């Protein structure tokens, strides 16, 4: 193998990648592990943050690149060295509105919108299905266009339950009709404040002891792969709830497509002892420089 080129990044610029690689390579068991992050911040779980997959290459099947990718040297817990190439990640910028030069293009664009399914039509694929989330003592049941229920299960049978809301098609239609610009329908409480969602309202739930009013729930559908799942449940005010449901069908709608994450691969080439000696570098020392101490890795989630 030719001489290994390794360009050490400054600690500030490479903190994200070195932390990512250290956590993974140090406990390397599989090449299919997935991490998410926003450069320079911390590992996140937002659907818009870039996602990174690490692929390990043995000495006889190295990854080769024509690009001037920066690289770092890492060592796993077995003492095996790897040269890991960091992908070039462009900052995600919001799409600019399209300006139509003439009326013909406006008509064509209108025709495309007519054939495009609405968010409700796309979400209709989960009609008559129920989804569950378990959080300690309580479990939550969301049945699409039917109800939202909170219950305690023993031997898979409910022993306590109350309804958090019954689907309200009129309130849902009014709510979405009042949104003059659907692109502004975003969750300010989410980790990614620009996360776009489509809402359904569930009203007339069980009476709340604190307000003496029926409980209400807002179901927030977001574009996220690969399957339908309840990702979070929040009480946004007394006995009023917001439930986020990841819904891959919604990704087919152009309004939500820019919410989908971009995937990047970090390629790590195995370094043999002979190659390490030929490179003229002390890989152990380099790897130690890139390691993240427990104190400096506290921002990882």
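Placed from the backbone N, Cα and C atoms, the Cβ positions cover glycine too.
Computed from a predicted structure; not experimentally measured.
Feature annotations, reproduced from TrEMBL:
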type: SIGNAL; residues: 1-31; note: signal peptide
type: DOMAIN; residues: 128-253; note: domain 'MRH'
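For the domain 'MRH' (128-253), residue counts in helix, strand and coil come to 17 helix, 64 strand, 45 coil, using DSSP. When pLDDT is averaged over the domain 'MRH' (128-253), the result is 85.
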